[in-house]
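As annotated by TrEMBL, signal peptide applies to 1-16. According to TrEMBL, the feature domain 'NADH-Ubiquinone oxidoreductase (complex I) chain 5 N-terminal' maps to 64-114. Under the heading transmembrane segment, TrEMBL lists 76-101, 113-130, 136-155, 215-234, 254-270, 282-304, 310-330, 342-359, 379-399, 420-443, 463-481, 622-643. According to TrEMBL, the feature domain 'NADH:quinone oxidoreductase/Mrp antiporter transmembrane' maps to 132-420.
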Amino acid sequence: MYLLIVFLPLLGSSVAGFFGRFLGSEGTAIMTTTCVSFSSILSLIAFYEVAPGASACYLRIAPWISSEMFDASWGFLFDSLTVVMLIVVTFISSLVHLYSISYMSEDPHSPRFMCYLSILTFFMPMLVTGDNSLQLFLGWEGVGLASYLLIHFWFTRLQADKAAIKAMLVNRVGDFGLAPGISGRFTLFQTVDFSTIFACASAPRNSWISCNMRLNAITLICILLLIGAVGKSAQIGSHTWSPDAMEGPTPVSASIHAATMVTAGVFMIARCSPLFEYSPTALIVITFAGAMTSFLAATTGILQNDLKRVIAYSTCSQLGYMIFACGISNYSVSVFHLMNHAFFKALLFLSAGSVIHAMSDEQDMRKMGGLASSFPFTYAMMLMGSLSLIGFPFLTGFYSKDVILELAYTKYTISGNFAFWLGSVSVLFTSYYSFRSLFLTFLVPTNSFGRDIVRCHDAPIPMAIPLILLALGSLFVGYLAKVDMMIGLGTHFWANSPFVLPKNEILAESEFAAPTITKLIPILFSTSGASVAYNVNPVADQFQRAFQTSTFCNRLYTFFNKRWFFDQVLNDFLVRSFLRFGYEVSFEALDKGAIEILGPYGISYTFRRLAERISQLQSGFVYHYAFAMLLGSTLFVTFSRMWDSLSSWIDNRSSFIFIVSCFYNNK
């Protein structure tokens with residue numbers, strides 16, 4: 001049963017890929033959706049056995065790589081952390097598959113799309129169930145490949161090509177951290193197996209000396225792993241690929257940003273919690289990175305006009321909360337927020353896709369408006385998702401986001417206070433852009449084309465069923481899985497799968513010692529953001545004119561609308577420099593220069609010139625040959641007799657270089 005959870009999506013993807021042209025669009029969709037749906041049902045059974053039943057499962061299938069001390073096997077680990085991730089991945093993916101049947105029905109290449117979507121669903125369980133670093137890395141790279149294929153699905157669109165390449169390259173930057181981190185773990189612990197590494201993590205280790213600096217080995221490994229998580233989970237500096245990934249079909253955006261790719265970095269940090277717990281420096285860096293990401297993405301989203309791009313920046317902001325929750329050593333709360341976020345974020349993306357699908361693929365909110373009467377069901381679904389996103393009391397997002405902020409406050413450190421205040425201000429901006437998108441899309445006077453208004457329709461049944469299920473999850477999952485199950489003191493749910501040192505356990509402190517006003521700050525900020533959005537956007541014309549007439553406001557609008565100029569700065573100072581280096585140094589000086597001269601081209605040219613010179617000696621006269629033989633014999637006898645005295649004065653390498661240079665000079 002456990003193996004079927006992982007390999008059923010692979011079966012569906014293989015059938016869709018190899019036999020899609022024979023099965024057709026409907027047959028492929030039914031096959032892939034059925035496989036992923038059965039996988040989600042089996043995940044529920046595994047969840048019941050492993051987490052509440054306290055019965056972790058370990059499967060060792062076959063040897064993979066075995067070389068002296070290096071031993072990596074095909075093994076699957078099903079503990080509490082794994083089964084929670086499997087519930088999220090398989091359940092959200094099955095709903096996305098069901099939604100895609102109707103959404104992609106008019107696309108002639110829908111079998112290829114369902115194949116790619118299922119292969120993404122296969123690689124994510126492969127990542128979360130791996131019992132060693134190499135298997136995790138296999139799933140990690142597979143998720144990146146599948147996301148590239150899905151973002152690049154409409155490959156005739158230039159923006160889709162650029163977005164897919166950007167996502168791939170930015171994630172490669174993160175992999176430059178993850179791969180040395182895995183190598184460092186093997187160097188330090190002589191194994192890639194998680195159980196052995198975590199058992200030895202508490203043992204004191206020697207420092208590494210590099211560039212005349214003494215570096216703590218565990219800290220260095222954790223920082224390298226963090227670089228990998230930053231690239232995959234779209235944290236500050238590497239977040240630019242996430243909004244651009246909106247060029248793919250909307251089900252792709254929902255799958256990548258809710259359940260699969262961006263959650264891989266958070267899962268990896270939670271999985272490696274025994275290492276991070278013994279590196280306070282790495283935890284501080286994680287906290288600062290997550291807090292800055294949540295604030296950066298929230299402020300960027302307030303003035304974006306693309307509906308899907310606003311939700312993408314919301315994803316980056318919520319991932320920042322998850323990351324800095326890991327930084328304050330509360331991995332269980334981070335994974336709890338990850339699970340809650342998957343439901344309401346998938347609901348928001350699929351609701352936005354319903355609007356975009358009916359409005360002839362229009363994504364600009366300024367060209368919508370007044371759609372509440374045409375899309376009453378979609379409007380209700382999007383309202384539920386937005387309320388859950390901003391942490392409205394007693395909805396799913398409330399039970400995890402507020403706990404994260406309280407924990408940050410009661411950490412009583414500079415990094416904790418930094419994360420608390422940036423996270424609280426981000427709540428204000430999150431509420432603003434969530435309700436701004438609702439107002440501009442559904443409530444303000446219409447600004448749409450007449451042909452779109454006439455032809456628009458609400459979500460059909462195959463698209464409505466996933467929205468209803470996700471709405472139920474956005475309303476009740478947080479309440480059902482809250483205290484005494486996933487994040488309560490004394491709960492045995494996690495069974496030590498995210499490991500926390502006793503000195504870092506502050507859940508009781510946040511529950512009983514945090515002031516009441518501190519617990520009310522997120523609610524006050526979310527209410528303030530909603531009221532500002534209500535008062536500003538119904539009169540958007542006056543608001544826009546105020547920004548256009550004021551120089552400072554105009555520059556501020558441009559700054560946020562252009563995403564803090566991150567793309568421009570990265571392109572001007574990094575990308576162009578690397579491209580210039582790649583052409584002038586790597587291509588011209590090395591590939592077409594030194595390597596060709598000293599490599600195949602140079603050797604072939606040298607021997608060709610040498611053969612031409614020797615061929616000129618062939619005169620055809622016998623006395624010339626006799627003279628050459630006599631001269632050669634004389635020189636050979638002379639040098640062989642005098643070699644002992646001449647060897648100290650003659651350098652063989654210099655003689656070779658001299659001979660070769662003679663041929664080049666006579667070219």
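Just so you know, glycine gets a Cβ as well, placed from its N, Cα and C.
Please treat TrEMBL annotations as automatic predictions, because they have not gone through curation.
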Can you tell me which of 215-234, 254-270, 342-359, 463-481 gets the most C-beta pairs within less than 8 Å of the transmembrane segment (282-304)?
215-234
In the same chain, who gets a Cβ under 8 Å from the transmembrane segment (76-101) while lying at least 6 residues past its ends?
2-3, 5-6, 9, 29, 32-33, 36-37, 39-40, 43-44, 46-47, 50-51, 56-59, 61, 110, 113-114, 117-118, 120-121, 124-125, 128-131, 194, 249, 251, 254-255, 258-260, 263, 267, 270-271, 335, 338-339, 342-343, 346, 350, 353, 462-463, 465-467, 469-470, 486, 493-495, 497-498
Under an 8 Å Cβ to Cβ limit, what residues of the same chain, 6 or more beyond the ends of the transmembrane segment (215-234), are close to it?
140, 143-144, 170-181, 184-185, 188, 201, 205-209, 241-242, 261-266, 268-269, 272, 275-276, 278-279, 281-282, 285-286, 289, 293, 315-316, 319, 322-323
Range from 254-270, 310-330, 379-399, 463-481, 622-643 with most C-beta pairs under 8 A to the transmembrane segment (136-155):
254-270
Could you tell me whether the transmembrane segment (342-359) and the transmembrane segment (463-481) have 3+ CB pairs under 8 A, leaving out pairs under 6 positions apart?
yes
By a Cβ-Cβ criterion of under 8 Å, what residues six or more beyond either terminus of the transmembrane segment (379-399) are in contact with it?
314, 318, 336, 340-341, 343-345, 347-348, 351-352, 354, 371-372, 427, 430-431, 434-435, 437-438, 441-442, 467-468, 470-471, 473-479, 481-482, 522-523, 526, 529-530
Look over the recorded stretches 254-270, 310-330, 622-643 and say which has the most C-beta pairs under 8 A to the transmembrane segment (342-359).
254-270
State the mean pLDDT for the domain 'NADH-Ubiquinone oxidoreductase (complex I) chain 5 N-terminal' (64-114).
86
In the domain 'NADH-Ubiquinone oxidoreductase (complex I) chain 5 N-terminal' (64-114), how many residues does DSSP assign to helix, to strand and to coil?
29 helix, 13 strand, 9 coil
